[in-house]
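Beneath this line is the structure, given in structure tokens, with notes to follow.
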Amino acid sequence: MSTTPGPRIVLVGPPGSGKSTVALALGERWQLAVRDTDSDVEATAGKAIAEIFVADGEPVFRALERDAVRVALEEHDGVLALGGGAVLDETTQELLTAYGAEGGTVVFLDVTLAHAAPRVGFNQARPLLLGNPRAQWQALMEARRPVYERLATVRVLTDGHRPADVAELIEQELAVLRRGEGNPS
Ligand SMILES: Nc1ncnc2c1ncn2[C@@H]1O[C@H](COP(=O)(O)OP(=O)(O)OP(=O)(O)O)[C@@H](O)[C@H]1O
Ligand SMILES: O=C(O)C1=C[C@@H](O)[C@@H](O)[C@H](O)C1
Ligand SMILES: [Mg+2]
């Protein structure tokens with residue numbers, strides 16, 4: 001077991017990659033508390049993310065999100081799911097880089113458009129995907145992919161896997177890594 005302070009695992013990836021859902025599956029599998037920075041932001045703001053975007057604007061949301069990620073990395077020791085765009089913030093990038101360098105696990109949940117589309121349904125709850133959802137998703141994934149890949153210590157392709165199976169795949173990947181580092185699994 002890791003002795004790194006902070007969360008046991010942090011999940012990053014685009015909308016529909018399954019961060020929130022897989023976090024719950026991992027929490028159940030490992031009997032760990034689950035936290036989601038999108039929920040933390042909504043609790044702090046007292047309104048839904050879509051409402052924050054409309055009423056206050058994206059910069060306000062991103063500032064709330066930056067604080068939520070910092071606090072969660074400091075005080076949460078279970079499974080942590082981030083919002084899809086949280087990794088774009090420079091402070092968050094620095095914090096995740098440091099967390100990974102100290103032995104923390106950052107998993108990039110990868111997914112292709114064909115599999116993400118039916119999952120998210122591209123509805124009103126995801127303000128960044130309004131307009132032409134497929135094109136928006138593709139553009140943001142293209143821009144963010146290098147960031148997800150750079151910050152992640154593990155990448156798991158989720159296409160065609162149910163959330164519980166993704167959790168199992170993550171566990172297997174981590175076991176392979178531990179063995180590679182010469183630690184028993
Ligand atoms: N591996 C999967 N297979 C099929 N459906 C999935 C999978 N993972 C998640 N889903 C479904 O896709 C939808 C979106 O999943 P989820 O909210 O976990 O994505 P997310 O990565 O947290 O997105 P966001 O960045 O918007 O928070 C949910 O309805 C969920 O049940
Ligand atoms: O990908 C994004 O930028 C977002 C993803 C969601 O998790 C929310 O954090 C919000 O809708 C923005
Ligand atoms: Mg989520």
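Even glycines carry a Cβ here, placed using N, Cα and C.
Here TrEMBL flags Gly16, Ser17, Gly18, Lys19, Ser20, Thr21, Arg126 as ATP binding site. According to DSSP, Thr21 (ATP binding site) is assigned to a helical segment.
Per TrEMBL, Mg(2+) binding site is recorded for Ser20. Non-local contacts of Ser20 (ATP binding site) by the CB criterion (under 8 A, 6+ apart in sequence, same chain) comprise Asp36, Asp38, Ala81.
In the three-state DSSP classification, Arg62 (substrate binding site) falls within a helix. Within its own chain, Arg62 (substrate binding site) has Gly85, Leu88, Asp89 as residues 6 or more apart in sequence whose C-beta sits under 8 angstroms from its own. According to TrEMBL, the feature substrate binding site maps to Asp38, Arg62, Gly84, Arg144.
Residues or ranges marked as domain 'AAA+ ATPase' by TrEMBL: 5-181. Averaged across the domain 'AAA+ ATPase' (5-181), pLDDT in this predicted model comes to 94.
Of all Cα pairs drawn from Asp38, Arg62, Gly84, Arg144, which the record names as binding substrate, the longest spans 18 Å. Following the DSSP three-state reduction, the secondary structure of Gly84 (substrate binding site) is coil.
Of all the binding-site residues listed here (Ser17, Thr21), it is Thr21 whose C-beta has the fewest other C-beta atoms within 10 angstroms.
For ligand 1, the nearby binding-site residues are Gly16, Ser17, Gly18, Gly84; that is, of Gly16, Ser17, Gly18, Arg62, Gly84, Arg144, these have a C-beta under 6 Å from one of its atoms.
DSSP assigns Gly16 (ATP binding site) to coil in the three-state reduction, outside any helix or strand. The DSSP secondary structure for Arg144 (substrate binding site) is helix.
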